[in-house]
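Annotation source TrEMBL lists region 'Disordered' at 66-98. Taken from TrEMBL, the feature domain 'Amino acid transporter transmembrane' applies to 109-505. The transmembrane segment feature in TrEMBL is assigned to 141-165, 205-224, 260-280, 300-320, 332-354, 374-399, 427-444, 450-472, 484-503.
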Amino acid sequence: MATLLRSKLSNVATSVSHKSQAKMSGMFARMGFQAATDEEAVGFAHCDDLDMEHRQGLQMDILKSEGSEEGGEPPLEGDIHYQRDGTGPLPPSASKEACSELSGQGKPKITAWEAGWNVTNAIQGMFVLGLPYAILHGGYLGLFLIIFAAVVCCYTGKILIACLYEENEDGEIVRVRDSYVDIANACCAPRFPTLGGRVVNVAQIIELVMTCILYVVVSGNLMYNSFPNLPVSQKSWSIIATAVLLPCAFLKNLKAVSKFSLLCTLAHFVINILVIAYCLSRARDWAWDKVKFYIDVKKFPISIGIIVFSYTSQIFLPSLEGNMQNPKEFHCMMNWTHIAACILKGLFALVAYLTWADETKEVITDNLPSTIRAVVNIFLVAKALLSYPLPFFAAVEVLERSLFQDGSRAFFPNCYGGDGRLKSWGLTLRCALVVFTLLMAIYVPHFALLMGLTGSLTGAGLCFLLPSLFHLKLLWRKLLWHHVFFDVAIFVIGGICSVSGFIHSLEGLIEAFRTNAED
């Protein structure tokens, strides 16, 4: 009995601590700190709560086991293990007060403006630095594609959220799903109830890992072009950057890192303003005659992937919409965020290309004069290094949950010990993932090719193909004819663009890999 009392007191104390953290999180949220910056657009705000959920799960298991030892009611069948999604019943041995403290914990709701800030961070990140390179190979068609991608991604984001809801017996629209994975599993049920979720998880992992690789590539590229006179190659700069990032393998949560997210985002906006200001100062020399209605057949498909990748945010929209104070404002929020993104991206890409024309490089800041290039690039490298832990931690969490912690369906033993600490071999796998991002950055140090490949493979799939397919599958009986037409058109066009961009990007990567191997 004394042990149970100590456990309950510890549980309540932990709950009070979590309430305090929630208040602090709410304060940071009002200041904008909840907007974790990651251009690959994954719901990284969820990652900050993983450690809290894990600790709560351990406490719930302790309460259940000790309650049964003290003669309490036995646990219900199927309730032996803590369910991470929170849908499982609470332990019967816990008091109502303790259970309410645990189950009542929720993320502070955010306003439409704060949700828009998260979306803006996802689609207005540092990867817009590659958009002028897309205009180089697409001309006015590249500008049209920036607008088209904004319209399509806004539409598919809305229909993806529509797939979360269904009508109940009373005719009311209720939320019956919580995530992209839930939607995918519902589409494949009942024959393959987990296939869709696994496909989405694989796509998500690929996009997250490729985002980490891009951060290493861009760090090496920017440092090499900032200090060309130093006897340090781009590969060496990438190795130095990875050495700085290696402590990411020891991360338990992202609270310390996420505090820098607002500063990183503000710094990036300042850099964009500096680039545009420099371009405007050379407006008299703009090469309007270089922008034409033609495309480079070999390289323009890569530009498609670059543009699509810069708009990816669908993977975390279900979580974002579920945490809004007024979910009815979601559509309006999607409209103004994507309109703003379309205008800013189009102007940035066009102005930068007009300034440097055929000399436009993969990362536009490399075109700046050496006097200001080093300062701007150092800020960008700092932002890239601070942003790396976000997709890395999310990728690790998905891998651990699906391969090591999925109960009886896990492929490998649990990588965490009974005390919640990461086992040594689990830490080794995390370090191996960091090293893998380095190896990819060394052997394929091409920012545009990697970005185009990722956008064509996972970006188009998660933003174009799967949302339209899921919308048709789940809600086809209630869709109007023009919705069906839009969904089919997006699926077909997205499929063509995805296959074309993937093939050309892969060819370019293979050629680059062979060249580097020969050198």
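Including glycine, each Cβ sits where the backbone N, Cα and C put it.
If you look at the transmembrane segment (374-399) against the transmembrane segment (450-472), you find fewer than three C-beta pairs under 8 angstroms, all six or more positions apart, and that falls short of contact. A contact links the transmembrane segment (484-503) to the transmembrane segment (300-320), because at least 3 Cβ pairs that are 6 or more residues apart lie under 8 A.
The largest share of C-beta pairs under 8 angstroms with the transmembrane segment (205-224) comes from 450-472, of the ranges 141-165, 300-320, 332-354, 427-444, 450-472. Among the listed stretches 141-165, 260-280, 300-320, 450-472, the one sharing the most Cβ pairs under 8 Å with the transmembrane segment (332-354) is 141-165. Outside the transmembrane segment (427-444) by six or more residues, the chain places 209, 212-213, 216-217, 220, 235, 238-239, 242, 245-246, 248-250, 392, 395-396, 415, 450, 509, 512-513, 516-517 with a CB less than 8 A from a CB of the stretch.
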